[in-house]
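Swiss-Prot annotations:
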BINDING   585-592, 1491-1498  ATP binding site
DOMAIN    549-782  domain 'ABC transporter 1'
DOMAIN    1453-1691  domain 'ABC transporter 2'
TRANSMEM  23-43  transmembrane segment
TRANSMEM  271-291  transmembrane segment
TRANSMEM  319-339  transmembrane segment
TRANSMEM  354-374  transmembrane segment
TRANSMEM  383-403  transmembrane segment
TRANSMEM  408-428  transmembrane segment
TRANSMEM  454-474  transmembrane segment
TRANSMEM  933-953  transmembrane segment
TRANSMEM  1178-1198  transmembrane segment
TRANSMEM  1250-1270  transmembrane segment
TRANSMEM  1290-1310  transmembrane segment
TRANSMEM  1366-1386  transmembrane segment
Amino acid sequence: MGSSKRQFKAMLRKNWLLKTRHPFVTSAEILLPTIVMLLLIAVRTRVDTTIHPAHSNIDKDTVVEVGKGNSPSFPEVLKLLLAEGDFLAFAPDTDETNNMIDILSLKFPELRLVTKIFKDDIELETYITSAHYGVCSEVRNCSNPKIKGAVVFHEQGPHLFDYSIRLNHTWAFAGFPNVKSIMDTNGPYINDLEMGINTIPTMQYSFSGFLTLQQVVDSFIIFASQQNNDLPLSHSNLSSALRFELPWTLFSPSVIRMVPFPTREYTDDEFQSIVKSVMGLLYLLGFLFPISRLISYSVFEKEQKIREGLYMMGLKDEIFHLSWFITYALQFALCSGIITACTMGSLFKYSDKTLVFTYFFLFGLSAIMLSFMISTFFTRAKTAVAVGTLTFLGAFFPYYTVNDESVSMVLKVVASLLSPTAFALGSINFADYERAHVGLRWSNIWRASSGVSFFVCLLMMLLDSILYCALGLYLDKVLPRENGVRYPWNFIFSKYFGRKKNNLQNRIPGFETDMFPADIEVNQGEPFDPVFESISLEMRQQELDGRCIQVRNLHKVYASRRGNCCAVNSLQLTLYENQILSLLGHNGAGKSTTISMLVGLLPPTSGDALILGNSIITNMDEIRKELGVCPQHDILFPELTVREHLEMFAVLKGVEEGSLKSTVVDMAEEVGLSDKINTLVRALSGGMKRKLSLGIALIGNSKVIILDEPTSGMDPYSMRLTWQLIKKIKKGRIILLTTHSMDEAEELGDRIGIMANGSLKCCGSSIFLKHHYGVGYTLTLVKTSPTVSVAAHIVHRHIPSATCVSEVGNEISFKLPLASLPCFENMFREIESCMKNSVDRSKISEIEDSDYPGIQSYGISVTTLEEVFLRVAGCNLDIEDKQEDIFVSPDTKSSLVCIGSNQKSSMQPKLLASCNDGAGVIITSVAKAFRLIVAAVWTLIGFISIQCCGCSIISRSMFWRHCKALFIKRARSACRDRKTVAFQFIIPAVFLLFGLLFLQLKPHPDQKSITLTTAYFNPLLSGKGGGGPIPFDLSVPIAKEVAQYIEGGWIQPLRNTSYKFPNPKEALADAIDAAGPTLGPTLLSMSEFLMSSFDQSYQSRYGSILMDGQHPDGSLGYTVLHNGTCQHAGPIYINVMHAAILRLATGNKNMTIQTRNHPLPPTKTQRIQRHDLDAFSAAIIVNIAFSFIPASFAVPIVKEREVKAKHQQLISGVSVLSYWLSTYVWDFISFLFPSTFAIILFYAFGLEQFIGIGRFLPTVLMLLEYGLAIASSTYCLTFFFTEHSMAQNVILMVHFFSGLILMVISFVMGLIPATASANSYLKNFFRLSPGFCFSDGLASLALLRQGMKDKSSHGVFEWNVTGASICYLGLESIFYFLVTLGLELMPVQKVMSFSIGEWWQNLKAFKQGAGSSSTEPLLKDSTGAISTDMEDDIDVQEERDRVISGLSDNTMLYLQNLRKVYPGDKHHGPKVAVQSLTFSVQAGECFGFLGTNGAGKTTTLSMLSGEETPTSGTAFIFGKDIVASPKAIRQHIGYCPQFDALFEYLTVKEHLELYARIKGVVDHRIDNVVTEKLVEFDLLKHSHKPSFTLSGGNKRKLSVAIAMIGDPPIVILDEPSTGMDPVAKRFMWDVISRLSTRSGKTAVILTTHSMNEAQALCTRIGIMVGGRLRCIGSPQHLKTRYGNHLELEVKPNEVSNVELENFCQIIQQWLFNVPTQPRSLLGDLEVCIGVSDSITPDTASASEISLSPEMVQRIAKFLGNEQRVSTLVPPLPEEDVRFDDQLSEQLFRDGGIPLPIFAEWWLTKEKFSALDSFIQSSFPGATFKSCNGLSIKYQLPFGEGGLSLADAFGHLERNRNRLGIAEYSISQSTLETIFNHFAANS
């Protein structure tokens, strides 16, 4: 094997070539993420940014004074509580609390009327959340009042006063602005990225009354503390104080104002804030396509077994994965670079460009690893792409749950284990930092803006990559797989492999035993004991030298649900060098399992095999250095050239770099592909691909070649060329060949082994097996006319044991036993005499004796290898069926279980509907409208049916029968197809369920308690001033006193500054207007100081103080300027001031006030009503879920067209309209299930946006219309696909993008005023997509509820809400369905090139009945001039004259000058596929249609079946023209296509029932007709199995049965036995023979590549070459006319032990005759046997003597034939490798040959020489054909003036004993020889 580095480079080059050969797809992978970015950039450029100059922010709207204006005073609060009947709560229920209420009640008497005291905070919360909260009568003194707010004390002195102000979520007062929510205490405490001013927190604090309560409580604390500085105010001293006037106002903060900080100049970018919530999703959608492609690549190579093929050739597992990782890492690096370059000036203008690149690149790496991990679960690319893409998208959903500031950091990190979630969280950081014009940089990635820092997001994506990689590698080893070794789950932690190897080695039997020991176990009950031909001494020597493959007791057992199944049972087999072993066996015999174990794809259960001395268990790496495999299915890349394939595999096999090019060129030349070396594989024919696979197996000088059905699918001529190639390369190699072709096995196999039930039943040469198992010869005689009675007594007189096997038409066949060989000569002479007399008598016209034995011709054929196979392997005809039952994948088994249950229960869908009385009128109106629409559609259907079907469908019951049958077909298939069920029901349901669940699980915790303190400011500071600087105006005396007691920061004195705001006069005027002429200028001065001193401290400032002078009543007033980056800054600095005032008032510096903001918990009613579900996200989830449904609509449609099942239905009589209408109805009904589930989920999750009052009807209408519109639009898209897997993936992506991305883009554009008008215009085009209409309608409903729609849109049916979507969807349902019918009439690739007139002509043709999809190329009359100048054969001309003259008008079928020409292109001219074809087919005739691939057979059948339209000429079926009346002739035709056109999920019985209905079998006879066919084709035991579980043979049986259902008079069979093993093939032949020749009622047209099949079935055969009919006639007629030789195979008697011993003794005597030997020879002899005086010719063993080259030459001279040994040195012709080569190779490798081996070779050569001399003298003109060391083959001249059969048998039989002939056989030229003759001359 090649080095790891070279293998890695080869894999990278392969990946690179695969990418570059698909430039569009690769470009899309790279650019689609960029396109999403460009769309955002385009929107971004339309959004204008606003530049805000520096501003003081002092105006009427921003200056707030507590208790004035919109901020309610405490008396106003109490009055409002009284008016609404609500209460203000206090806790705990202590004396201090009651005293406070008593004192405050003196000043505010209404307080006692609205006060409710609770024992403690817990009792308060329990009451608030209880079910009876707020439930009371309208009587004022109700027991369960609503609580609007509460004051809860935690400490009540003497030094610390700690309390919480708790407000209700619905706190709002009539007459004040509607504050939708109270302060958010769960949000970030500080947001340094906030730009400008954010007045919302200030308004919330002031409007809600929080500051009012804070002022009242703090004033009371200051007042009460002044009464007793040491003790808290008690009830005792309070009672005495009540008699005096209390100093209420002393140090009381009576005037409190709040003003925001000034702001510097900034640019407001609303774009980032708008797209922030959807940015992560949009980015992710851009990566979906490259992710789907990566999953597809990973699984495709596994699905197509390419990966295992690479492993077989020596590729290391880790290199395979690493190559794909590097490939996509480079691709994502390029993509990330492009994204960075495109966004550096727009989306990420302020961020570090390297950080942007790192962000996208790390996500790309994690996506690669996630895709790899996902791919390990799948073996089918189609399923993997669909589910993998969904999984990838689903990994984003936790983002909706954790994207909340209240979610803990730990939960966000855990969610970030899903890389899409980590990616989306990172996008939030980008949006926040970009909006702040700061940008993300390496210096600030530690600071979080979304609760999790950008650094953590990057780190998690990197960690995810490593985690996914580890999991993927582990799962790839342990998950079940179709090929390769599956590791145990704990292989990482155990020494499993070491123990396994040792255990297996201990069980391996000794390899020194004979190949087939005498005590070999034979299964009980087998009809035959194993039979093996003996081997030569040279072969035994190979076993001793380790130059062969030795399989010993190889055993493989599979575990299944039904128990263990033995696939290979103690296999014993040896393969030798320079030989080809053909391994035969029925399907499931164990051949493929054996090969899989030999190449290392499967581990053996027990036993072992040594390949060139290396164990397959312990030394597989060494074996693969010499191993070349040509698998059954080509492991080729269509996008690579021949050279690139050979180069890649040469590197894997270790070919040196210096010789790589020459090795590749030589191998291409050796396999006959030198002229195609730079051709892409997809442009190669099937035969060329097999040659390339063969070259791949041979390259690197592979010594062991395994060929698994190397010629499958080839025509006979290409097959012969491949056989010659395989013969050519077998020298010096060990070749194992498996095949179903007996001719191939016989032609190539030096030895043939037959397996059955996992064991080897026999092994030997072809002639050995034939004579051991053969039944003799087949004699075929052709009578002069059908009425002539052939004298069978001629045959029986000579051979009484002869049996008649068939008599059809003019031919009769006899089976002659082998024992009758001596009688053949006399019998043939009498037959030839009768032939001569028949010719003489035919000249006398008046003699008409029907009893005269007139024989026109005769032929003889020997027992075929196929008959041997049938005797050995065909004894148990059910073996294939048993294997089908046993070897079923787990997926299949589960499917079968489901099918069983489906058959027991019928589908009974129920339509449930409900409505309330209020909507009754609306529903009634809609129902009437719906009935009108149905009537209109029905009328339209009637019109279309008249146009398409020729008459009204209402009067045609057959139309409805077809619709019903097709509907049942779709229903059954869909219900059993787990993928369809998953796509249509499970995936949408699960996706919708979990998506809504994630949104519902989005945390909505109770608002937490926060302490209003400066401790959170500047956390890096330490010491007393931990809160940072507090700018303080000390110009007022009281200010200096208060400043001394300030804590929570250090005082920064106000200084004069020269800074002025822009427009200073305007700023001053605003300040005076807002705060008055005294305070206004002072506030402006403070703001100017804040601006000028911005950079004087590295610590942030969050508040500053301006104090008024002390008021006359002793009260104080002050103004707090607060920083907008902290939403709690205002009340925090109020608390700082009040605590300082308390200390000043009491003179106690240890006293303080601590205020907390802790909103009350939501009430039970509020919790039910508060579904803070993001409506827009809900619409996205619904749209994504429903995007999978149209993909499920497309799959069965494209798949039916792909396997030609659709065409099979159309030619069986189905009309286009019935096909599409039944499909449409089923798809709509199936759509109702996920739609109903969606409605149920809407109710379950309380989505009032969709099912609330007035919203249910539009939601249901949109769902139903969406089902109709999306189905019909999907039908239109299906015409653009030829592969269902590609259709599923692309259509899924189309609906993803058209429905989701367009909706998101439209949503974003609609929110931005600058793009709103453009959005309204674009929506008219976007709505052409049903997905957009549906998602936009749902989003509009949801956004209407959120108040985000236009104010003009009040009703749900408004045009801009759901009206447009409902109208568009309804129209699209009809429009797209009509387009579908139009596309059916005109293929998509021709729509653009067709003019209206041509389309109309095609429509007229369709009206006349050409109801299938036309695939006819448009060709002008100029093609009529294309012709070929070739004279017709005389038989062909006679047939043509007979048809043209009208003599065949009464026949069932005749073709008349049928011609088909395909148009050319700019590179190639027109191609004539069929040229003037003329012949007829009679009733009871089986016409064989033979020809090479591309000869025109399938095209001819396509024209007869209506799939193609002739260019010129026509054909007549029962006198009806196939061009003029295509529909009329279909009822007479049964068609079996070349490839099974089956529905994989329908059972065998259901297939037959479907086509019985289609073909018009009456209902009451369908069961009988179907049962008859099941019995006739031996399918009764499979009747309830779905077709995908059938073997290839049973599938072909079903296809033929479908063609014969309804007993059509004409049956067309296109290669009906392809892929069958001989047992199944013989059964099929018998069925077809009964149909045609035996019943005499049906005409059969048969195409085949098997000449044996044509010989067995066809009464007449026509051979097509180049589109023309070259010959026609019965099989025997063709063989008699074109056959010019006999095939002779002779095997001499084996060399006996006596002969061998005597010959060795002669040579020993001569060798030890020392005086006569030269000294050099004596030296060699001493070396060979050692020097010992005791050694004599009598005591020396022959096996101890090794002959050197000189000794061999001397011995040959002594024996008198020195020339014979010269063949040991020079090579023989390349086309044949004889015994000489093996000895020659051993002689030069080992320096000598053992004497017994040389003796055996010499004696064998003597026998061959004698035979050759006899044959050359007895049969002049005989030519040598081949020799395999065991037998020789000759071609003998035969025919006019040549040898007769009687002469041939007579010569051989008379000289048989004299020449020592063990076995011989003579046969005539085969049909294959004649076929190859015509093919070679084409």
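Residue numbers in this text run from 1 along the chain shown.
Keep in mind that glycine also has a Cβ here, set from the backbone N, Cα and C atoms.
The transmembrane segment (383-403) shares more Cβ pairs under 8 Å with 271-291 than with any other stretch in the list 271-291, 319-339, 454-474, 1250-1270, 1290-1310. Residues of the same chain lying 6 or more positions beyond the ends of the transmembrane segment (354-374) and with a Cβ under 8 Å from any Cβ of it are 33, 287, 290-291, 294-295, 298, 321, 324-325, 328-329, 331-333, 335-337, 339-340, 343-344, 348, 384, 387-388, 391-392, 395, 419, 422-423, 426, 430, 440-442, 445, 454, 457-458, 461-462, 464-469, 471-472, 475. Packing against the transmembrane segment (319-339) from elsewhere in the chain are residues 4, 7-8, 11-12, 14-16, 19, 26, 29-31, 33-34, 37, 290, 294, 297-298, 307, 310-311, 356-357, 360-361, 364-365, 367-369, 372, 472-473, 476: each is 6 or more residues past its ends and has a CB under 8 Å from a CB in it. Residues 321, 355, 358-359, 362-363, 365-366, 368-370, 372-373, 375-376, 413, 416-419, 422-423, 425-426, 429-430, 440, 445-446, 448, 492 of the same chain, all 6+ positions outside the transmembrane segment (454-474), place their C-beta atoms under 8 angstroms from a C-beta of that stretch. Neighbour counts of Cβ atoms within 10 Å were compared for the binding-site residues Asn587, Asn1493, and the top value is held by Asn587.
The recorded stretches the transmembrane segment (23-43) and the transmembrane segment (1290-1310) share 3+ CB pairs below 8 A when only pairs 6 or more apart in sequence are counted, and are therefore in contact. Gly585 (ATP binding site) falls within a strand segment according to DSSP. The Cβ of Gly585 (ATP binding site) lies under 8 Å from the Cβ of Lys591, Thr738, Ile754, Met755, Ala756, Ala873, Asp1621, each of which sits 6+ residues away along the same chain. Under DSSP, Lys591 (ATP binding site) is assigned to a helix (H, G or I) in the three-state scheme. Sequence-distant contacts of Ala1495 (ATP binding site), defined by Cβ-Cβ distance under 8 angstroms and a gap of at least six in the same chain, are Asp715, Met1664, Val1665, Gly1666, Gly1667. The domain 'ABC transporter 2' (1453-1691) scores a mean pLDDT of 84 in the predicted structure. The DSSP secondary structure for Lys1497 (ATP binding site) is helix. DSSP assigns Gly1491 (ATP binding site) to a strand in the three-state reduction.
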